[in-house]
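Have a look at the structure below, then the notes.
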């Protein structure tokens, strides 16, 4: 079925071609891929200015616009080349260009900033864009985020803190920017590229395309977040690791250990955001799949004095001299407890592990092992072939 051709006035195409295409060097003008990039710039100008100031003009996508330009200036198309083939090659080339951007988190680390494209069917995603020639990744991320949100992350960005994925053979790296106030004013610097900028609760965003969480909690289908979905699970892993280094009860983990618990104001006041700090201490930057620390299954103690009494009792029972350990083989274990610090939590009588705040030694000997003896006759029978 033949598609309807977009009608753009010749005067408009003349102006756009003179602005963006005809002035480029001849060696670039002979390269159809390079011409397509210039046509893309002309298309943005057409949407930003002509569409806004000239009623009645046809709104069109980049493919239809490029066809109109090649039809208006056929000398731009290499001899014998098909327009559709050139556009397909250009699309494939663009997919190989890395994209850089940022994941902006609020002060509670519960919400993330997403942007929505200008077109009606556009979904929500993180602010990012393609890198320019000889542009550093972090500079590209700062430029794209500023263009799409009006917020400058140059003073917040850390070159080593990012999540990096390869999606359909295209590299995408998002730098993590935590601690941005929710009342920050965002305003896109480009026309007709970003329609909306909003904070979203991370726990309400989908981890995969069949995750119906946003449908039930936001009233939005999961495909509205298809650009953000690949980064949600790595982001949750990052949050788990961020608050998983403490061994106390306020360690930021939920009871399951699979998703981070909501950080409290008190906790965040203790956590200073140092953007030069390595946020992936146990893996390389951008390593998004992390193994969660398993919370210790420990027997609760009602108060400090209860634990202290227990430890004192243990020390009274196990006062052993290093040279007389043989006299105590009937006991189950040997505890070498530092007597000067009762704040160190040790293993109690039933063998249930608890957290240890200091350096504790646990020389342990099994009763079965200590009474073990080789059966010499049985061994010799085996060797007697």
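Counting starts with 1 at the first residue shown.
Using the three backbone atoms N, Cα and C, a Cβ is placed for every residue, glycine included.
The feature domain 'Nudix hydrolase' is assigned by Swiss-Prot to 95-226. For the domain 'Nudix hydrolase' (95-226), the DSSP counts in helix, strand and coil order read 26 helix, 41 strand, 65 coil.
The annotation motif 'Nudix box' is assigned in Swiss-Prot to 129-150.
All chains included, 22 other C-beta atoms sit within 10 angstroms of the C-beta of residue 144 (Mn(2+) binding site). Marked as Mn(2+) binding site by Swiss-Prot on the basis of similarity to another entry: 144, 148.
According to Swiss-Prot, the phosphoserine annotation covers 246 (among others), on the basis of similarity to another entry.
Under the heading region 'Disordered', Swiss-Prot lists 247-266.
The annotation phosphoserine is assigned in Swiss-Prot to 247 (among others).
The annotation compositional bias 'Low complexity' is assigned in Swiss-Prot to 249-259.
Annotation source Swiss-Prot lists phosphoserine at 249 (among others), citing similarity to another entry.
The annotation phosphoserine is assigned in Swiss-Prot to 276 (among others) on the grounds of similarity to another entry.
Swiss-Prot lists 284 (among others) with the feature phosphoserine, giving similarity to another entry as the kind of evidence.
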Other parts of the chain folded back onto the motif 'Nudix box' (129-150), taken as Cβ under 8 Å at six or more residues beyond its ends: 94, 97-102, 104, 113, 115, 157, 159, 173-175, 185-190, 193-194, 197
Chain-internal residues near residue 148 (Mn(2+) binding site), provided their CB is under 8 angstroms and they sit 6+ positions away: 115, 127, 129, 188, 189, 190, 193, 194, 197
